[in-house]
């Protein structure tokens, strides 16, 4: 019985770690995309992009959107404008 419980706990922990890695990678890719969008089209385009994206999002993307919106789009834009590394940005919004 203890072995089964141990295996279940391990499996849950592994799945959570894997999901965390997926969310972190998705966040880093999104930050890079937003960085390019910000450079080309400006902050208003970033706000519009995130609004459109998060309006349709589900799954991991929905989770990431919740974190971004909770953190604040303007704060995200400031970090990106200040050339903060995507990993650090994602850590600040609790996606990594």
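Cβ atoms are placed via backbone N, Cα and C, with glycine included.
According to Swiss-Prot, the feature signal peptide maps to 1-19.
Annotated domain 'Saposin B-type' per Swiss-Prot: 20-96, in sequence order, evidence recorded as sequence analysis. When pLDDT values are averaged over the domain 'Saposin B-type' (20-96), the model yields 93.
Less than 8 angstroms from the CB of residue 96 (disulfide bond) sit 20, 23, 24, 27, 28, 87, 90, each of them six or more residues away in the same chain. The disulfide bond annotation in Swiss-Prot covers 24-96 (among others) and rests on sequence analysis.
Per Swiss-Prot, disulfide bond is recorded for 27-90 (among others).
Non-local contacts of residue 54 (disulfide bond) by the CB criterion (under 8 A, 6+ apart in sequence, same chain) comprise 62, 65, 68, 69. Marked as disulfide bond by Swiss-Prot on the basis of sequence analysis: 54-65 (among others).
Break the domain 'Saposin B-type' (20-96) down by DSSP state and the numbers are 65 helix, 0 strand, 12 coil.
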